[in-house]
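One structure below.
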Amino acid sequence: MQYVVGVLLLICFFGLIVYALKGGNLMFGILIMAVLWTAIPLIGNQLVTDPAFIAANADVINVGFKDTITKVFQSSPENWGKVLVTFIFGAWFGRVMLDTGIASAIIRKTVELGGDRPGITAALLYIVTAAIFTSMFGAGAVVAIGIIVLPILLSLGIPKILALISYMLAIGAGFYINPVGFAQYQVYYLDAAGNNTVFYDMTYLKWGFIALGIQLVVAVLFTCVQLRGKKAVHAWAAQATMPEETKHVPGIALITPFVPVILTIAFNWPIILGFLMAAFFAMAVCGEMKTYKDTVRMFSKTFFDGVVDTAPLVGISALIPMFNAASALCVPYFQALLGNVVPSSTLIICIVFMVIAPLGLFRGPLTLAGAGAATLGILKSLGFSNTFLFPLMYAPTVTMNISCCITQSWIVWGLTYTNVDGRDFLKRTIPTGWIICAILAALTFVMFGNV
Amino acid sequence: MENDFLKRFAQGFSNKPQDQRPSVEMVAISKMLQDLTEVPQEAFGAYAFSREPLRSRIPLEKRMELTRKAIDCGQSCAKKIREKYGNLSPRGIAGKLGLKLKFPQKPLHGGHVTFAQFVAPDEITVFMDCVDKAEELIREEALGSILKKLVVEEVLIAHELFHYLEEENEKTIFTRTEKLELWKIGKLKNTSRIVCLGEIAGMAFAKELAKLSFSPYVLDSFFVYLYDKQAGCYLYHEMMRLTKEWMGLETKE
């Protein structure tokens, strides 16, 4: 009987993949999966008769109906509230960076350093973009920075497809150590009681910084190599979307994007305090706190805007803990069905991830921003540690999906803005992203293969 | 504020980047073009420099001086070409110079609308979707009386022709020899050309060669309007504001 239940659960898994690939609403898909992966094991628990299976999984099978549904549908999403608060403060900080003009000032200063040399200035801009996105996040920030960076790259004669791809890769590079991005996916690794099992600490950050470096180097090389031998391009073009007006930003303010991450990493301070300190520091040095009224106005406006920026994450992130808790109920059935099929070796799993990395595209089974939640559920049930699984799944999620896929909201914006054809974009991003993911899967094995 | 917040929060759930442009007063295309064609070409320096990545390193007086020099450069190049090729159209001149001309239909519009481009060493591309749309609107709205001698395609070719001349004469032409010192540490220094000077000179060159009574910069707003009326009006308001401020400062000078 346990095999029948296991097969039914797998059918649901493939159903979610097909649903995600067809562009179904992921929030609704996750909710349906949470319901199915709760209902099917609950029914299965009543029907299994194999004494050895029941004895081995008594802690899951013998939990009462009411306790189970309370855990899945009430306590798990309630506990996610902690992560939501991090989102909100992170988004508010991003808004402060934009509204004070710090983000655009950093980019201007970078261009003033490099001048009209396309390769050097582009490389500097990618480094700065990655640095900015170590603390900022969201489509609003990508657009706000993009309408400054992309026209500069185009005015230097860099072909728009190179400019767009490298800009998106640079954003993804920064995302590897972005505390808000981390929190967004940390939620997939909560235990059944809703507690964190992976942490934004040096265990992860060592891997995160290397991942950032690898993706950034690839972004820079991608432009520099493709620019070699390319001829100068001069385009008569106009920008329909306006860059924000230039504000005076003192030099000291330019350290702002690094403050939250430094406080967290170097002093182990809470990240929300880091965001608060960095944001008020930015507002103070940029002259936005001259009077009490100015301070309150800026604080309220940026906070409201920041909360709006979190909206796309709120819905799905509130439902994922339900799915996590439901997947814990499926563990005995997946182990029975797949325990001898799916390799239990971290080396083999890493090699498989190297080979099938493009399945992180199109919301496929390797991205946590898609059907990857189901894959993760299975891998967790087979006994792999979360410390190992987090970087393993994060690479295709960040690189393949967030940095390379045309289903990512801000990439859709970028394609429209620069008028780059989606197919041309994918022809270049798939091999590029694949290389990065393969390197990162190898790195994951080296760093966490024995954890 | 609360209503706006709720609306935007709800929109945020769509997970699409929101249009963050402020609302803009819509203007009839005829008024837009009438106003812009009356702006002297020097004043468009304000608009050109507003798109220049290095603008904050160049004081206002210097921007004005550079604009005048870039216009002179474009005009003198046009005169030399006229002396050599007589009344030949820009397209004809491009042909005589052995340049490859491409006229793809595929539109190149998005947030960043591309009308034409020059790829070194010898290729000019004019995106005909934009040209066709412009000519259609000129007919429909009877804009010919405002735009007078405008032949859209020829102006675009003329502008790109200037970039060809820039590449050919990069060691001597003003738009390439004028450099800005970005930083200096001991003997080590970094200088950069000012990208917008090539555009200002290119516009002056195209104006002269196509015998227009207005700056081709007018077409930026007009072309953007063809694809996005709101964005076109936004650009118009911005151009008018910038050029008025510039003219005011010039008068004071």
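Using N, Cα and C of the backbone, Cβ positions are placed for all residues, glycine too.
According to TrEMBL, the features are:
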TRANSMEM  A:30-48  transmembrane segment
TRANSMEM  A:127-154  transmembrane segment
TRANSMEM  A:161-187  transmembrane segment
TRANSMEM  A:207-227  transmembrane segment
TRANSMEM  A:272-292  transmembrane segment
TRANSMEM  A:313-335  transmembrane segment
TRANSMEM  A:341-362  transmembrane segment
TRANSMEM  A:374-394  transmembrane segment
TRANSMEM  A:432-449  transmembrane segment
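Same-chain neighbours of the transmembrane segment (A:207-227): 118-119, 122-123, 126-127, 130, 134, 158-159, 162-163, 165-166, 169-170, 172-174, 176-177, 182, 391, 394-395, 398-399, 403, 428, 432, 435-436, 439-440, 443-444, 447-448, counting only residues six or more beyond its ends whose CB sits under 8 Å from a CB of the stretch. In this chain, the transmembrane segment (A:374-394) lies in contact with the transmembrane segment (A:313-335); the count of Cβ pairs under 8 Å, excluding pairs fewer than 6 apart in sequence, is at least 3. Remote same-chain residues near the transmembrane segment (A:272-292) are listed as 85-86, 89-90, 92-93, 96-97, 99-102, 135, 179, 247-250, 252-253, 256-257, 259-264, 298-299, 302 (criterion: CB distance under 8 Å, separation of at least six residues from the stretch ends).
The stretches the transmembrane segment (A:341-362) and the transmembrane segment (A:127-154) do not meet in space: the count of Cβ pairs below 8 angstroms, excluding pairs fewer than 6 apart in sequence, stays at fewer than three.
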